[in-house]
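Colleague: Quick one: structure below, then a few questions.
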Amino acid sequence: MPERTNVWGGSFEITPNHEDQPVTENGDYDRAAYRPPTPPPSVDEVKQSWLLRPEREREKRRKKKFIQGRMIKNLALYVVLAGLITLIIVLVARRRHRHRPPPISDNYTVALHQALKFFNAQRSGRLPANNNVSWRGNSCLNDGQNKLVGGYYDGGDATKFTFPASFAMTMLSWSVVEYSAKYEAAGELDHIKDIIKWGTDYLLKTFNSSANSVHEIASQVGGGDPSTNMTNPHDLNCWMRPEDIIGLRKVYKCFEPCPALAGEMAAALASASIVFKDSQDYSRKLVHGAKVLFNFATQEQGAKYTGNADPFSVYYNSNGFWDEFVWAGAWLFCATGNSSYLRFVTDPSVAGPSSGFSAGPDRGVLSWNNKHAGAQLLLTRLRIFLGYGYPYEEILRTSHKQVDEIMCSYLPGFPKFGRTPGGLIKLNHGKPSPLQYVVNAAFLTNLYADYLEAVDAPGIYCGSKFHANKDLRRFAETQMDYILGKNPRRMSYVVGFGNRFPQKVLHRGASIPEKKKTSSCQAGQKWRDSLKPNPNIIVGAMVGGPDKNDGFRDSRSNYNYTEPTIAGNAGLVAALVALSSEGTAGIDRNTMFYAIPPMFKP
């Protein structure tokens, strides 16, 4: 047979592939380790694999579905378990929260709640259902032939004075404008606004608030004739509960000029209008009244006022009126945005007659009689936050400088105001009833520190020495701590705060048992002279305070030590809320300027 040849070249013999076979070190194939090639599958094996392939695919799908099903079941189980665990955690947390005692308020917040209650105890007229002072009732419902019902009794008697009441409402309104968030966090915002409205409602009754001009103001209801030195302003002979006073009481009026009285009333209504800005009708009513009173105070002469001072009063006699002009004008600018008021308060001719820029002994002593420090701090607020330049900058800068000097005078180490042995600053130079001045200073210093921190200013310079904001706060805290009991007598001068406080407060209503009717002035004198504690605790009342040596006499017969007033308590409330740690720290820097047009804000 002829030899077959491969047309493609090469032999027909199949040569094993040795590429994957092991080799020796010399490069020859290792015959001992030689692996023969895997024989190809037979035809039957191939056919069998074709027949079994669908069954194997189905088996794979069944296993895959089984695994997926198990995974879904496991996942669902995990979700259920996680939900149960979460539910248990939430329930336990809620249970713990439900039974967790409320956070302990700081002393300032505790005292704040009490200080506000004092105003409930001082209300005159028909009391609301929520007045929350069990031993007080309706009183003096015939005042002014029913036209002057309401308002607040000034102190431990039943007399209503418009001048100090206006200052009290201004201070309370100022504290709300600056610290409304703190009041709200303490649960007292509605309460303080109700207190202010009770006062401003009465102020609107003391003059024709719906008219465009007025010529008289009811300055006093009850008490003796303020115009004669024969009247004893601290008459203790008549001792009876306000609820037992029947018939008409004498109303004393101030006819023009009344610059200080009308100016302070204008400040009260203007500041309150910012508090009630969301009640537009009432806020507009307050603004209108403030404008009318300001025109009455200045006799529409503005900075060229040439009128006389207020008539003499044995009770609350004002030493001047230019401070009330600046005080009221600043508040009216904030309440209305009318630049004419800003021009007025920054007019050098207004500052000239005022003693606010002088170095007198009472500079920096904010009180019902002296508004310079408060007015200058308001002007400083305008400068810090609104940055007005010419033509207002001269007086604003001077006011700012004066405020720094006032703050320095409060700090230890400065000789202007001395201290009692226990550390109380003697702002009234050792005279009686010092606490009403101390609380106002504590409010101003803490408020100014908040102003500085709001613009990232670290403090002030007193001469060449730098004092951080914490130094201002420390002054406010140490003075308030003294009042609340950290003093040589270990006595709180706020009634109801702590375990030791005055028991014989000079207060007719608190000293006479609720069910003991006093039919005459003399009928209640036995309660005045009693050596027993008052049967009714007038919670939150800050008394006059200690003497210059930290001494104190707990006696109803000495008003210097034990009589509280609404003007003093207003400063107490303001200082306490400023120092309170409740809610958001710091001030509300914008509400004060809500009425100022954007075009007038630099």
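Positions of Cβ are set from backbone N, Cα and C atoms, glycine also.
Quick paste from TrEMBL:
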type     : residues : note
REGION   : 1-45     : region 'Disordered'
TRANSMEM : 71-93    : transmembrane segment
DOMAIN   : 108-576  : domain 'Glycoside hydrolase family 9'
ACT_SITE : D554     : active site
ACT_SITE : E563     : active site
Colleague: Please list, in sequence order, the residues in the chain of D554 (active site) that are at least six apart in sequence and whose C-beta is under 8 Å away from its C-beta.
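Modeller: Spatial neighbours, sequence-distant, of D554 (active site): P502, Q503, K504, Y561, T562.
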Colleague: Measuring CB to CB from E563 (active site), give everything in the same chain under 8 Å that is also at least six residues away in sequence.
Modeller: G155, G156, S433, V505, L506, H507, V543, G544
Colleague: Calculate the per-residue pLDDT averaged over the domain 'Glycoside hydrolase family 9' (108-576) and state the result as an integer.
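Modeller: Across the domain 'Glycoside hydrolase family 9' (108-576), the average pLDDT comes out at 94.
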